[in-house]
Structure formats: structure tokens, C-alpha cells
């Protein structure tokens, strides 16, 4: 999808130069301010009224109000219609304004987050909304990424860094990004100030897994892909610091491109009420037609006898015209058939539902002290109408926990528990687990109940050792040693984490990783394996592999 700049030219290719705000300003790229709210002070009244009059009942009562201003057909004062109509519009407007106020508050909170930007030779604290395309930004551990940036260098060897992409794809597992080798040593502020590389890349788009571009620096060209990008919404993890160059900012970031414009959402209840009101209005019209026909017949047969003492005015001397006026009079008189108060009742119920969601103890998470939060009061009743849920995989709707329970090695199955008579018993919380005290680097939380597998490892059974060696090598897990012997594994999936942890407890400890090597501690002996390639999992092979 082409992107229009403020000068109304289609952006087909983006040119961004590092540390050159004047150069980048010529292209009038978007700033880093975001906006997810629907209204402002000037647009609230017209836009909100336009949205509300998409409800048939509201439109009907406006037409009714206009009819009541015509004295020839109105038998009721226009106050009887305008007061409830204004009340309904005001209550809905207040609710919509409250929802949008919280959107404004959220936008302001995000736009005012602080980020470290390299300006005039030093790192300065800037608000997110003041970050501009081409700026060099410093991120620290556990910080959100302010914009879509090109990774230049990091505190880790080879320019590696680890990010969490939960806000982009819902995955809490860490992913790896690596800077170009030519920029990975730019960890000093003075070197970054001298960096004048230019990036030529694709225009802004919403493809989270794709990026193509080229870095021009020192008369050389370097290819760029998505593995060198940190997208807005990611969080830096297990990396002390990193520097990056802003490529897309604000509403042109991939996260915001996927958000789209805030739309007026109508629930199935709203659509149902509109349909019901249309049927009620059709019934009301039929009643008015029947009564108007009756009036015409009466005026034709009987009403003319009263002309002596109740003379007709000149423009009312037709019985058909009298019936026409009577039709509109009955439309006004019978207006209570259309339930305008129903909309108010539904709005009050929605507000109550949102409070019940916030107070629900069953969806309160004790570990993080987090309760559910209804961010809008418009769609709450939709939750109660869900019939089918389609999920791509386990873990999207459930807590995805994988535990190593059993394995089969060379035709021998391990994992069952046996009593002193060699009878298999059911595993419960009281069942004694295997003692891993022989391994000082074991995971204290790992539980296994078949001691024969430990004996096979200690006896250096080649098939068993090869099994755990492969488990410790074939994965994409990242290790973090928080203290001596205290290893923490960051896995892209719980399956990998469970398998690598099992290998760790049985004496094949995964200790370190670089882009070219994997280091294991095999039964107390440190061994380094050269990593030639990683073949990622795909739907064709249905497996991942490493070549070493």
C-alpha cells in the first residue's frame, strides 16, 4: 500500500541518513507521536452525533421533532420529543467521551515516555514524541523500543540482542536480533556521532516479518533484513544496552500500520435493535395508513354533514388531504411505540458489565497482581455471545507449560515409577523423585521419577549420552547466567525449554552460544561445538535441525 507524505507525493522508497536531521526533514517523514483516540475538542460533537444518528431510533425521533414543528399535523408539543432525545444523546455522548478520554490519556502516557537520543555529541533524554527519523537511540535492558530502528551495536558479542515481541505477535519467548558486523563495534558515543550511513529501504508497511533495505556507508553497500530491525512495541531483554537508528517513526511504524484507524464499532445487539426498530416503525406506518384511510372514509361519508357549523378551511376541503394530514398526526401521537429508552438501558447495562469484568475474581492473576481491564464499554456484551473460538495452537488460550516426563532411547522407555517389587505405580505429588545432587548445575525445579535413566547416564551408555547431547545442541535457547551456576534459559517455545532443561539435569548442560559455536558442559567436561547452520522449523519438514 503506497504511503502519502504530507506534500502529497507517494513514497516509493525511503532514504534515511544517520545524525542528519536537516537532510531527513526534507522528506517530511512522520514524527514519533501516536494517536489512537477518535475525537478532539472540535470534532467530538459532529462526529459523535453522526455516529449516534446511525441508530435508527435516534434518526426517527429527529424526523418526528421536525414533524412536530408543523402546526397543521402536530397535536403534541415538540418538548415531548426533544427532551428524551437530548437525554439519550447526552448519556451516550458522555460514555463515548469517557472512553476516548482514556485513549487520550494512554496516548499521552506513551508519547511522554523518555528515550536517550544522541544529539550534538551527547546522549540526551527526549520524549518519545520528539524522536525523529534518522536519530541514534540508546535502549537499555527491559525498555520498550520507541520506534522501528535498525540495530547498530549492543553490549553482547557480535552485536546480538534479545527482544520480546509480545505486543506484536503475543509471543513472550525471546527472539534474537543481530547487527551488521561492520557496525557491531560502534559501541562508543564518539564513534556513533561519526556514523553517517544512509539507509535506502522499502516505504512504511504493515508486514511485521519482512524488511528489505540497503545500508550505504564508507563507499560500501550492506544488505538489511528483518533480523536487523527492532520494531516499536518490542522490549529489550537480557541485553544491557544497544544502539539503533530510527527508520520509521510514529504512525508509520509497523505496529501502528497494523492498528489502522479507530472505527465506530457496532455490536450485534446494536444491529438487532436497529432491525427491531425498523420493524416497529413499519408497524407504526401500517397503523398510520389504516387510521388515515379510516379518517378519509369518515370525512367522505359523515364529516361533510358537519360543515354547516364546522366549516372546512379552503385548503382542507379534500377528504383525501385530511387523511394525509391525519397519517402524520398519528405518527406523532403513537411515537411511544418506538422505544428510544431502550438504547439508554443498553448503555447502562454495558457500563455495568465493564465494571463486573474489572471486578471478576476468576480472571484476576495473583502472581502479577493484575486484574482484567475493560478498555471500552461498547463491546462488552459481545463476550457473552461467543460460540466458537478458533485458535492456531496450544498456549494461545491456555497456559502453555511443557514438562519432560518420558523418553524412548534406543527402544527403551524411561519415565515410569516403580516400587521395590518392580511394579509400576501411579505418579502423584507424594512420589519420590530422582536425586540430581550429583549435578551442581541442575535445575532445582525439575522432577523426574525413573532412576534407571540417571544410572544409564552415569554408566556412560553411548545411546543415552548421544540422546541428551543432541537435546542440548538442537535448539535456539539463549542462556543467561545471573550468578555462578545459576543458569536461566530463555526459550522461544516451552518445548525447547523443557528439553534443554532435561538435558541439563542429566549432565549435559548448555552453557553458552555465539553465532558460530555452542558450548556444553558434558558430565563436568566443557566442550565447544562449531555451529554451521540452523534449519528452522517449517510446515514441510515439521522439525528443526542444526548442522555442526
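Just so you know, glycine gets a Cβ as well, placed from its N, Cα and C.
Copied from TrEMBL, the annotated features are:
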- 16-82: domain 'P-type ATPase N-terminal' (DOMAIN)
- 53-70: transmembrane segment (TRANSMEM)
- 76-94: transmembrane segment (TRANSMEM)
- 276-298: transmembrane segment (TRANSMEM)
- 318-344: transmembrane segment (TRANSMEM)
- 392, 394: Mg(2+) binding site (BINDING)
- 392: active site, 4-aspartylphosphate intermediate (ACT_SITE)
- 392, 393, 394, 496, 537: ATP binding site (BINDING)
The transmembrane segment (318-344) touching the transmembrane segment (276-298) per 3+ Cβ pairs under 8 Å rule: yes
Model confidence over the domain 'P-type ATPase N-terminal' (16-82), averaged pLDDT: 85
Residues of the domain 'P-type ATPase N-terminal' (16-82) by DSSP state, where helix covers H, G and I: 31 helix, 2 strand, 34 coil
